[in-house]
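**Student:** Take this structure first; my questions come after.
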Amino acid sequence: DFGRSSELAFVVEPSDDIAVQEQPLILYCQVEGIQPITITWRKNGVMIVDNENAFMLANGSLYVSRFQRVRGDGSSDEGEYDCMAQNHYGLVVSRKAKIQAATMSDFHIHPQNAVVEEGGVARFQCQIHGLPEPVILWQKNRMPVNTDNERYTLLPKGVLQITGLRAEDSGIFHCVATNIANVKFSREARLTVSGSHSTVYKDPMILVGPENLTLTVHQTAVLECIATGNPRPIVSWSRLDGRPIGVEGIQVLGTGNLMISDLTVQHSGIYVCAANKPGTRVRRTAQGRLVVQAPAEFVQHPQSISRPAGTTAIFTCVAQGEPPPQITWLRNGQILETSDHIKLKNNNSTLSIYGINQADEAIYQCIAENSAGSTQASARLTVLWADGLPSPPQSVKAETVSATTIQVSWKEPLQNTKEIIGYVLHIRKAADPEEMEYQEAVSKSTFQQLVTDLEPSTSYSFYIKAYTSRGASKPSEVTVVSTLGEVPAMPSLFIKVINSTAVQATWEPSIKLGQHEGFKLYYRKVHLSQYTGPVLLPSNVTTYNITHLDASVVYEVKLLAYNQHGDGNSTVRFVSLRETMERTVLNPPCDCMKDEQSNKTSTTGIIIGIHIGVTCIIFCVLFLMFGYRGRLLMCKNVQEQLSTPQIPRNQRSTTGLVLNGAARRDRDDRDMNGKQLDMNELERLFPASLTQEQQDKGITSAHSPPITHDDTQISTLPLDEFSIIEEQTDPLPKSPCSSSPAAPALDHSPTNEG
């Protein structure tokens, strides 16, 4: 089956194994590729020479007749083995296979005697190390434990849990450890179940919580959690990061142990076991970290390539794993060393070989390795080199044109020019590594190229290759030249009129000024050809006043920045002092100090006005309150006077009191003869004013209920204690008791109109 593929590659690679003492061991290795192929083996990097104990089979596998962990001479068959295959095109190395001897140590944890009350939980544990991992089984009274009993839980790490203990669970327990190396028995432990089931309350308690585990993908993890308490606590599991545990491959062993089958990297995390008292929030927790590792595997393999001599070859190798794998490159089985034309980048994921030649032809291998395992992939580089290729282009010259442009010229090769299909110009900053190089293609009839978009004051290297359909010529000689320095950019310029004979120029400095930089300022009358200036200003100056100007003409102001590379482009502004001053007369400028003082004065006036207004409001409120109180007292005294016998009209003074209905304004309808005060209305309006003293004076209502005295005491004055002055005013004056439309009012109208 060999030779079906031209690429030298492994079909079967040796794998990790555990060997048994004095037993034979076979490590497999199969290769395909162009014959003849030579296969050899190494152990710990040293070539294995065929001998009676270890020799290679016809199919390329290695046979060890009697595996010895330690031989008489002190050597050991344990170690890392790899297979090497070589043909005319190169050499490849297989992954490293780790070979270990099967062993089993003595028990370092034995089960212990236990006395537990009925209904409780018993736990036995034994631990032993071995390769491969020993299988641990339990026996009770020298008989295998009945695993069908739901109360008995056997965990893979040598733990036996018994829940809901009964009297028949008492007995002698021990464990048996077995692997390909040996079988061993632990010491015995006695379990005694005492008393009857207790009903005394006990807080939940976690006897044993989960341990920290580091496993590999596809293995099985068992996180132990055993809890006690009365009533029996409920055990639950969660992740500390809040992510769901899921259901696929998840199983609960016994009363609370969590088993996760077929582990993946996503199962890594901190797991929390919680023991809850039923129906309450009383709980106890314990946590353990699970780390799942994944062996390195390739996401992208390197591909074999063929490239013309002088070009660049790039191999890409991307691997993943947990922890992230380290990538190493081999060239024909040897560690690849980087140089000026061999570069590794992107964490060694990309191998670039610049200016390849015949010596670079080889098989390149990418080795990805982490603590969980390693893997390898290979690819071959073929350098195309045909007879009759053009010789290198001649007389390569580079001349600086500007700060961003260089002109490159050359002459055609001296030999084999008929098949040339074009040229390629290779460009690179002199300070950059070779992988930063870029190319520009040029037609075969063109012998010069204008290279643009370069950086100012920067050195560049150039070389040329001539290309045919069969490959490229060797590179020409390298020429290095620098671009010119860059002059400053245009500054921003602003003109402000100060007065009728002066303006102020203000600008922002350029960010592209070199050393020894500054500004040049020019100005002139627009009808003149001659500028005044230049006025040389240092780089830290950003303003300049131009004085002694003529207010009747328009001026042109020009500003430019300069440095050691020359003058930059100028910025030009025009300004008319006459128009500006006319606008100033029509719209005088703001006197900021005066405005500020005015603002302060206005603010002070506003504050004083607010105080005055508040004071007025307070006085008005007080006035209205006392005025209303006075009107109330006047109305009361009027009531008292009205309760006395009526005086004939002809005996009344013109200043006498006349009862006037406040809701009636027609004087012709007013007739005081027989007019009686509506006491019900007065009582409704002034319920608190009818004191006992007023009732004694005759102000009563036959229909009103008895008046009760409240906490409000209203003072009254006899009518003779105040006087009413007659005023000749509006024929319809407002009554002082007109606070309610139905309230009685006093009228100062003439008596004959009563």
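Yeah, the Cβs are placed from backbone N, Cα and C, and that goes for glycine too.
Residues annotated as compositional bias 'Basic and acidic residues' in TrEMBL: 663-673. Sequence annotations record features per position, and here TrEMBL assigns compositional bias 'Low complexity' to 735-745. Residues or ranges marked as domain 'Ig-like' by TrEMBL: 8-100, 105-192, 204-287, 295-382. Residues or ranges marked as domain 'Fibronectin type-III' in TrEMBL: 392-486, 487-583. According to TrEMBL, the feature transmembrane segment maps to 606-626.
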**Student:** With DSSP helix as H/G/I and strand as E/B, how many residues of the domain 'Ig-like' (8-100) fall in helix, strand and coil?
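**Tutor:** DSSP classes over the domain 'Ig-like' (8-100) add up to 0 helix, 44 strand, 49 coil.
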**Student:** Do you know the mean pLDDT across the domain 'Fibronectin type-III' (487-583)?
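**Tutor:** Here the predicted model's pLDDT, averaged over the domain 'Fibronectin type-III' (487-583), is 85.
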**Student:** So how many of the residues in the domain 'Ig-like' (204-287) end up helix, strand or coil by DSSP?
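**Tutor:** Taking each residue of the domain 'Ig-like' (204-287) in turn, the totals are 3 helix, 44 strand, 37 coil.
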**Student:** Using DSSP, how many residues in the domain 'Ig-like' (105-192) fall into helix, strand and coil?
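**Tutor:** Residue counts for the domain 'Ig-like' (105-192) by secondary structure: 3 helix, 43 strand, 42 coil.
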**Student:** Summarise the domain 'Fibronectin type-III' (392-486) by DSSP state, stating how many residues are helix, strand and coil.
**Tutor:** 3 helix, 46 strand, 46 coil
